[in-house]
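One structure below.
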């Protein structure tokens, strides 16, 4: 998109501490993904637009990126965000898509799907990380460390994390051998041992090395 899309490195993130406040007339979406490093299940992204009136309240409540919050606090914030956000949408890429195009491209695909579901469509997307979303017809900025620098990206990280965790917990009932309710699909020792003992399920990422060299049950 030419000069309408830029990447901001760590040294410049301070200028985006509250990028949402730069213009009260713009709809700015935060975009983040979760589950890139997991061995099981889809990679999930969220795109969130917050009204300016909600930002200071969320800051005062202690909203921060999902990894810095307990599971209980993430659930509380996710419910609150559903009531105050102008819109919040989920996009994901399936295990088969991850295996076909690799996790990097699948993560960007999930982000794109989340953004394109938003109504209204934003004037600008703030994307966590160093890479822009391909083929997105909306101006965007990629922020390294954006989930710590921007409230709207932090909000997106929470919505995506809670949605994916709920999905994995449901799938844990179908695949009880892998301790999924505890590990959320990530490669804990117990999960890896189960892979060696029972093989990979249909929801494991066969392009990931720990899921290879094992026979499917």
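Just so it is clear, glycine is given a Cβ too, placed from its N, Cα and C backbone atoms.
Record features, source TrEMBL:
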BINDING   32, 33, 128  divalent metal cation binding site
DOMAIN    26-217  domain 'RNase H type-2'
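The sparsest Cβ neighbourhood within 10 Å, among the listed binding-site residues (32, 33), is found at 33. Note on residue 128 (divalent metal cation binding site): other Cβ atoms within 10 Å of its Cβ, all shown chains, come to 25. Listed in sequence order, the residues 31, 34, 45, 46, 111, 127, 129, 146, 147, 153, 156, 157, 160 complete the 8 Å Cβ shell around the divalent metal cation site centroid, once 32, 33, 128 themselves are left out.
Residues belonging to the domain 'RNase H type-2' (26-217) score a mean pLDDT of 96 in the model.
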